[in-house]
């Protein structure tokens, strides 16, 4: 049968990818904050969700099952020749970025996490230039600098005498920095796959998530987090519904993410995932009353001004070697 992505006309593929990513991850972000920052129980016995590894494990299982279904029905003719070690390396950086990003939500609110992750095009670009010898036009670099300035304004916080709060904010930002670095390494791996093996989007999604499931499965068994999570879910069974919805929105969103990576490259994908985040921030502010200062709003405007200029003037990269 024909590949699922080949059923989409070329001129509609990029708008479809953007719309799919926007809709799926809009709801994904709301569910993520509801799960990780919600309070469970009543009175003095209230608990919080602290099982970041297990949450990503469930997410990867659902992603892998969804990708397998797509291959079974739409992509049976494609033969995947990508090396297993490349999938393994990509999954390590991929799940490392996801776990550190999810863990950061325990120390920073969702808008801060989202704006921090908006820097994703920077490591993807820099590592593409240094490791894959890509070249980008000057306008692209200027747009990225504008994004950096906006994010810096957003992340800046005047000193306060609050003790523990200062420590937790710093730790959350460190986790976001780690997540960004790993995002860049993931982008390099994916670019290598599409250039050398013409890896299909569904096969990429399936194998990266299978490796991630294996690694995370060992992690949650070794740390004992799985049993703690099961006990938590037994006390608060309502969370299971939200986690399953979270996994489903992740799987749908990832199918569009990998389609974008395969057809347009990791940098375009990172820019798409960033542009949709402004609306996610607005939803978080409205639904969860997360405060945003005037300086942070200026930073937000700069970030998305840079992205808008990039869409207009920043053309694709040229490869000098691969």
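Glycine residues also receive a Cβ, built from the backbone N, Cα and C atoms like all the rest.
Residues or ranges marked as motif 'Di-lysine motif' in Swiss-Prot: 318-322.
Positions annotated as transmembrane segment by Swiss-Prot: 12-32 (among others).
The transmembrane segment annotation in Swiss-Prot covers 51-71 (among others). When Cβ-Cβ distances below 8 Å are used as the criterion, the transmembrane segment (51-71) is approached by residues 4, 35-36, 78, 95, 98-99, 102-103, 106, 202-203, 205-206, 209-210, 212-213, 216-217, 219-220, 223, 225-226, 228-229, 232, 243-244, 246-248, 250-252, 254-255 of the same chain, each at least six residues removed from its ends.
Residues or ranges marked as transmembrane segment by Swiss-Prot: 85-105 (among others). If one looks beyond the transmembrane segment (85-105) by at least 6 residues along the same chain, the residues whose Cβ comes under 8 Å of a Cβ in the stretch are 32-33, 36-37, 52-53, 55-56, 59-60, 113, 116-117, 172-173, 175-176, 178-180, 182-183, 185-186, 189-190, 192-193, 197, 204, 207-212, 215-216.
For the transmembrane segment (136-156), the list of distant contacts is 112, 115-116, 118-119, 121-122, 125, 129, 173, 274, 295-296, 298-307, 309-310, 313-315, 317-318: same-chain residues at least six beyond its ends, Cβ to Cβ under 8 Å. Residues annotated as transmembrane segment in Swiss-Prot: 136-156 (among others).
Under the heading transmembrane segment, Swiss-Prot lists 168-188 (among others). Under 8 Å from some Cβ of the transmembrane segment (168-188) lie the Cβ atoms of residues 90, 93-94, 96-98, 100-101, 103-108, 112-113, 116-117, 119-120, 122-124, 126-128, 131-132, 155, 157, 266-267, 269-270, all in the same chain and six or more residues away from its ends.
Here the transmembrane segment (210-230) has Cβ contacts under 8 Å with residues 51, 53-54, 56-57, 60-61, 64, 87-88, 90-92, 94-95 of the same chain, all six or more residues outside its ends. As annotated by Swiss-Prot, transmembrane segment applies to 210-230 (among others), with the evidence given as sequence analysis.
Within its own chain, the transmembrane segment (243-263) is flanked in space by residues 4-5, 13-14, 16-17, 20-21, 24-25, 27-28, 31-32, 35, 55, 58-59, 61-63, 65-67, 70, 190, 194, 199-202, 204-205, 209, 269, 272-273, which lie at least six positions past its ends and keep a Cβ under 8 Å from the stretch. Residues or ranges marked as transmembrane segment in Swiss-Prot (evidence: sequence analysis): 243-263 (among others).
What Swiss-Prot records for 285-305 (among others) is transmembrane segment.
Averaged over the motif 'Di-lysine motif' (318-322), the predicted model has a pLDDT of 47.
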